[in-house]
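**Student:** Have a look at this one before I ask anything.
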Amino acid sequence: MPAAIRAAHSTVTETHVITTSGLTKIYRAHRSRGREVTALDGVDLHVREGEVYGVIGQSGAGKSSLIRCINLLERPTSGTVTVAGQDLTALAGRGPRAGKELREARSRIGMVFQHFNLLSSRTVQSNVELPLEILGVSGKERSRKALELLDLVGLSDKAKAYPAQLSGGQKQRVGIARALAGDPKVLLSDEATSALDPETTRSILQLLRDLNRQLGLTVLLITHEMDVVKSICDSAALMEKGRIVESGTVSELLATPGSELAAALFPVSGDATGDDRTVVDVTFHGEAATQPVISQLSRTYNIDISILGAAMDTVAGKQVGRMRIELPGRYEENVVPIGFLREQGLQIDILDKAAQEPLLLKEGAK
Amino acid sequence: MTWSEMQPLLSQACWDTLYMVGWSTLIAIVGGLPLGILLVLTDKGGLLQNVVVNKVLGQIVNIVRSLPFLILMVALMSFTRWVTGTTIGREAAIVPLAIGAIPFFARLVEMSVREVDGGLVEAVQSMGGSTWTVVRSVLVPESLPSLISGATTTVIALIGYSAMAGTVGAGGLGDIAIRYGYQRFETGLMWATVAVLVVVISVLQFGGDFAARTLHRRRGKAGPLLLFKPLSGIFPGTIATDAVKKS
């Protein structure tokens, strides 16, 4: 599958539009019993303006709590959330009810849900108009804006239909149109594609990517599917047990030795074909990988190189990804060629021959 | 007793019953809808979570619901006199009927509103909607078909209650049944009363089901089946055609 990695995109700026610091959420099962579940454990997240940021993790890792804490649908136990320069946690007040200021701040953050959450009692158009009603926009303007948004998501012919008459992908498009009604700078996507089939998932992701580019919209999405991160994210974070264990731009992740996310994004596999071989993982990232290094290596040292596996992509003329190659002879005999690869600015990991596992990767790539 | 003698009695009684039931249903809806919604909102995890208010309202509803209607009616007599100036007649009957029906309808509203998907509430909150917006644009419209069914059930229960009210001077069909059927053995009039009730209840139930189903249909969903088919027992053919349609 072609992985469209756009490490540096023109709309991405260095301004952080979503920042959380020390975000912690503890659920107390019952007051009488002392059982507590720590869903978020001091999460620091920095999402830059204009990027698509993916948070990935297994169910129960705290992804959902994280995204719900961003617009304070869940009250964090401690820590702060800042969106577009505004400290939302300061607006929260003490009770469970959202005050006027928090509600206004929420109206500038769009949110898309896994199960769409469209009102069955309203038509498609009326669903898109709802956020505008809340903002107090006049009827005429509401209808104009709703139709414009439906056109943007490619559903202008379904304005008068009811949600129950639409397919899953169409419902999510309505969900996206609705989320954009308040002209948000930030879109939160809570597993938006998890209830959709692979083909519909691709088209919805494409739509999110287009909106990100056209409108300069910052998208924070949570998902459990690596493919989602792979196809649209500029940056990603891996969550485990309420903590962010890895984060960064895709290129930074690749440059991090032993990154689980990089291994999962660019999986390589393949075993040595004999005892007297050296297996090397080469990681291409950033500025370094502009040369056709493998053929240079082969020509310079007059050695035969086998490619055992590769997960590569070319973005803006640069190669990004990982490759597992095999050189003839033991490691001791290959010190010079490996040194050559390092000189090219590539990251090199020598595989432990006995274990046939990468030295640095705990978990073999699938 | 001839039909010409029965007819004015029946039509007056029928009108009295509908008058009592109509007003008390209206009051039950006006009172029970907010009460039912409040029971959901103030519950644990609700938007207006308030344990004290929830417990107090819940207890009041339970107490009124646990009293048999006849006892409630007698217990409320002084209150009824204070409100209407009398304890006799159809206006006086409206007071206990409405008070009995408010908690009855409130519980049905509570059940319907609880069925609404919490994700929809969350969606409206994420748009910056207030609790009032949630009630107005999510809880009520999303549960409307079910609320209509609840109102139908309430009307029919009220017709039953109104017959009891009729035995202690409220007039209506219950009054006819006691005075003519029970005390004078006017079997003809008794059966005519039964027939009128069957027709009235069938029409109400059918109307309610039809309205609920039409709403479902308009929203592009398959509505619940029409459960009450008074004629299907008499004309078994209607069941057969239904079965064919279903398959």
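Placed from the backbone N, Cα and C atoms, the Cβ positions cover glycine too.
Heads up, TrEMBL stuff is auto-annotated, nobody curated it.
Keep in mind that this is a model prediction, so the values were computed, not measured.
OK, TrEMBL features for this one:
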- B:14-208: domain 'ABC transmembrane type-1' (DOMAIN)
- B:20-41: transmembrane segment (TRANSMEM)
- B:62-80: transmembrane segment (TRANSMEM)
- B:92-109: transmembrane segment (TRANSMEM)
- B:146-169: transmembrane segment (TRANSMEM)
- B:189-212: transmembrane segment (TRANSMEM)
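A description of the local structural setting of each listed feature is requested, covering burial, neighbours and distances.
**Tutor:** The list of residues near the transmembrane segment (B:62-80) in space but at least 6 beyond its ends in sequence, with Cβ under 8 angstroms from a Cβ of it, reads 86-87, 92-93, 95-96, 99-100, 102-104, 107, 161, 164-165, 168.
Same-chain residues lying 6 or more positions outside the transmembrane segment (B:92-109) and placing a CB less than 8 Å from one of its CB atoms are 20-21, 23-25, 27-29, 31-33, 35-37, 39, 60-62, 64-65, 67, 69, 72-73, 76, 79-81, 83-84, 86, 143, 147, 150-151, 153-154, 157-158, 161-162, 165-166, 169-172.
Below 8 angstroms of C-beta separation, residues 17, 20-21, 24-25, 28-29, 32-33, 69-70, 73-74, 87-89, 92-93, 96-97, 100-101, 104-105, 108-109, 111-112, 115, 140, 175-178, 197, 200-201, 204-205, 207-209, 211-212, 215, 224 of the same chain, each at least six residues beyond the ends of the transmembrane segment (B:146-169), sit close to that stretch.
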